[in-house]
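Annotated features, as they stand in Swiss-Prot:
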ACT_SITE  Asp361  active site, proton acceptor
BINDING   Leu247, Gly248, Ser249, Gly250, Gln251, Phe252, Gly253, Glu254, Val255, Lys269  ATP binding site
DOMAIN    49-117  domain 'SH3'
DOMAIN    123-215  domain 'SH2'
DOMAIN    241-498  domain 'Protein kinase'
MOD_RES   Thr185  phosphothreonine
MOD_RES   Tyr394  phosphotyrosine
Amino acid sequence: MGSVCVRLWAYLQPFLPCWSQEADKSVVIENPGAFCPPEAPRSQEPERSHGQYFVALFDYQARTAEDLSFRAGDKLQVLDTSHEGWWLARHLEKKGTGLGQQLQGYIPSNYVAEDRSLQAEPWFFGAIKRADAEKQLLYSENQTGAFLIRESESQKGDFSLSVLDEGVVKHYRIRRLDEGGFFLTRRKVFSTLNEFVNYYTTTSDGLCVKLEKPCLKIQVPTPFDLSYKTADQWEIDRNSIQLLKRLGSGQFGEVWEGLWNNTTPVAVKTLKPGSMDPNDFLREAQIMKSLRHPKLIQLYAVCTLEDPIYIITELMRHGSLQEYLQNDGGSKIHLIQQVDMAAQVASGMAYLESQNYIHRDLAARNVLVGEHNIYKVADFGLARVFKVDNEDIYESKHEIKLPVKWTAPEAIRTNKFSIKSDVWSFGILLYEIITYGKMPYSGMTGAQVIQMLSQNYRLPQPSNCPQQFYSIMLECWNVEPKQRPTFETLHWKLEDYFETDCSYSDTNNFIN
């Protein structure tokens, strides 16, 4: 009997690793949320013939017992990619332990890239715009020689090199030969981008400056969900939410900084009882949760089983754009920052446009501000389910109430919304941005605004507003909805607002 037990224990031990931890109490598991590792690796480990190998692009701290913590640069073996947002992965040779341990758990899929791929290189930033490349390189943490490589906006298959030189970002086209190879000038061709980078980190050879360190990746992506468990089951226990600090209040309820599961900072919108029908909200929220874009606030979860209803989203620490603009008043925010705000909002709205989704209440109060000058559109779709009461709200014969000063004339008349009525609202948002959060149609009631709009009145050009910026506003306020620009067009107009024809350095500079 004893020999049978010994053989049975030998068989079960690798599968019951947590039972054998008494052997070495000095071992500290860095991530308490990961699965406990075996005391000793099995003979077939690390099973490098199974799964795909990835590199972490950012740090991630486990949020639940099923998650896996890791740091940028760590190597991970992905075991299951069946869920879009969360993959099951194993940590290979966890740094700092020296024990070759392998820990297992779920990871956000947008935090990793396949090992030895271009996306895994710290200097590769993918399909970002030229303006975004400049903004990221100009962060104070970057020094002269900081650089990144991105996909070319105009030449498919080509790349662009962006370099910081004494506070100025310069761009170079990296061209590709049909037979393979990359070059700035044909006198020096490289078989891979890695060779290209290695060469120009040793010599400038015609560049404005020798390449030094890759641009810091400060803009960390938002996980699609709170955790793997809430990805599909997103009605969560309200006891898992702590309300820490009230950030603001309005006609619908309050907004709080909160903490989920004692691990994850979140924003919590607590709604006044009766402000919406829970069933209507859940139908809309199901769609809202599926909308994923870097410039949209991510809806994480809800608590609807009792009042007050909780809406849990990602946290943006600087509050609404309206308050952010009003508090600054022009002290630090100038035209270049204002155009950037508008471009980021247009980017998020262009995504909604591509998904045939209408916001219905686009305004500075519904744009939120995060770290590193990040702006995201919030509360998209909620106007359809809120029941509101305000003197500047127009109530149609269908008992739907509208924020008149931001609403397109045709939507006021017919109560029919479209992406083109959102474009009108975007024009009002541009007015808010350029005036540092002033109320549009100041001094007018909602009824007076309706009367003035019927006579083709438009907000006048603010004193500090450039003609180019005001022209974009007027395009948004075209009386014919079909004549208003798309958000895609508005996005590129604002992205290229300061651009000239000489945005790329001449490759003749490389010819000796």
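For all residues, glycine too, the Cβ spot is worked out from N, Cα and C.
Features as recorded by Swiss-Prot, highlighted on the structure.
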{"residue": "Leu247", "record": "ATP binding site", "Cβ contacts under 8 Å, 6 or more apart": "Val255, Trp256, Glu257, Ala267, Gly319"}
{"residue": "Ser249", "record": "ATP binding site", "Cβ contacts under 8 Å, 6 or more apart": "Val255"}
{"residue": "Gly253", "record": "ATP binding site", "Cβ contacts under 8 Å, 6 or more apart": "Lys269, Thr270, Leu271, Lys272, Ser275, Pro308"}
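In the three-state DSSP assignment, the secondary structure recorded for Asp361 (active site, proton acceptor) is coil.
Rounded to the nearest whole angstrom, the C-alpha distance between Thr185 (phosphothreonine) and Asp361 (active site, proton acceptor) is 50.
Between the candidate recorded positions, Thr185, Asp361, the densest Cβ environment within 10 Å is the one around Asp361. For the domain 'SH3' (49-117), residue counts in helix, strand and coil come to 3 helix, 29 strand, 37 coil, using DSSP. DSSP labels the residues of the domain 'SH2' (123-215) in these numbers: 16 helix, 30 strand, 47 coil. In the three-state DSSP classification, Ser249 (ATP binding site) falls within a strand.
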